[in-house]
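Database features (TrEMBL):
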BINDING   11, 12, 13, 14, 15, 16, 17, 105, 112, 129, 130, 131  NAD(+) binding site
BINDING   92, 98, 131, 162  substrate binding site
ACT_SITE  187  active site, proton acceptor
Ligand code: NAX
């Protein structure tokens, strides 16, 4: 058996954290031959609830679970972590402006970045799920100067998977036969789900049965952008199992590699590719190999896409400006 990998999760007693713990302990993150140690982090008032999660993990007797720790102390929780999934965040309260939300979250992600910098594995791979995820990742990254900048990412994989599901439903082709889906930009309503490079059963998605410009612009794009709100309306609670599943997809593909000529959507530090502002954490089409992601290069960008890619870039620049003092 391999040496156990340490996976830290913040917000571990919350609804996404609760799903993540059991999926990871059962081997869904790193495969059936990789033992894991879970390092679960919560704020002090949630430690009792977290104790219950630990008891359930013990009771599940997972063969791959080599240990569980539960703590409210960041340096204990991130010690030697190989992976850190940052889920706990401050939700938007009534009347709260975006700038307030960003600065409240800065108070969480700044200290978390500093703790990762101090005690995590020097190659810790970080995924931020807690919203506003892209800019929270930027804050954590800025506070961890000794760690590789490219190891700080944010989650748009749920949006990617939602886009696959919508296109599969429209075309009647199973999502496993759809490749090269792209979400550009911010995990917010400005995100741009792009079908211009997507293949459905090997053929261009924009020419697939049931797909035309009107459906794409007036139905597909807004449905993907607003799927989170539709789930809240139907379930009375925000997406949890699908969000945890997407977080697992994100880390698994990053660690173990993407499939052949397919790619995935990951929010990563922009290197200026496709004219996007360098430094912002922007969702690009990415391939992964040997634990490293790379942005897919050379895709042709038409005018329609350009305008939407720039709008979501603009939003990320504004978010960055709003948290400048924390960077
Ligand atoms: P919950 O409110 O169920 O759980 C959050 C947990 O985080 C709570 O148990 C809370 O005690 C804990 N927490 C808060 N501050 C913390 C801190 N400083 N350190 C450690 N733990 C802390 O929320 P849940 O539904 O699990 O959602 C968590 C976050 O994911 C939210 O910010 C949400 O907006 C975000 N999402 C992001 C998505 C994405 O695609 N990027 C999709 C799903 C989800 O909406």
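Here the Cβ of each residue, glycine as well, is placed from N, Cα and C on the backbone.
The structure, with features from TrEMBL marked on it.
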{"residue": "11", "record": "NAD(+) binding site", "DSSP class": "coil"}
{"residue": "17", "record": "NAD(+) binding site", "DSSP class": "helix"}
{"residue": "92", "record": "substrate binding site", "DSSP class": "coil"}
{"residue": "98", "record": "substrate binding site", "DSSP class": "helix"}
{"residue": "112", "record": "NAD(+) binding site", "DSSP class": "helix"}
{"residue": "130", "record": "NAD(+) binding site", "DSSP class": "coil"}
{"residue": "162", "record": "substrate binding site", "DSSP class": "helix"}
{"residue": "187", "record": "active site, proton acceptor", "DSSP class": "coil"}
Spatial neighbours of residue 131 (substrate binding site) that are distant in sequence (at least 6 apart) but have CB under 8 A: 89, 91, 92, 105, 187
Neighbour count (Cβ, 10 Å) for residue 15 (NAD(+) binding site): 16
Most Cβ neighbours inside 10 Å, all chains, among the recorded positions 92, 162, 187: 187
Cβ neighbour count (within 10 Å, all chains shown) around residue 112 (NAD(+) binding site): 26
Neighbourhood of ligand 1 - binding-site residues from 92, 98, 112, 162 with Cβ under 6 Å: none
Residue 15 (NAD(+) binding site) and residue 162 (substrate binding site), distance between Cα atoms, whole Å: 19
Local Cβ density at residue 17 (NAD(+) binding site) - other Cβ atoms counted within 10 Å: 26
CB contacts for residue 98 (substrate binding site) [other CB atoms within 10 A, all chains]: 15
Rounded Cα separation (Å) that holds between residue 98 (substrate binding site) and residue 15 (NAD(+) binding site): 23
C-beta crowding around residue 130 (NAD(+) binding site), within 10 angstroms: 24
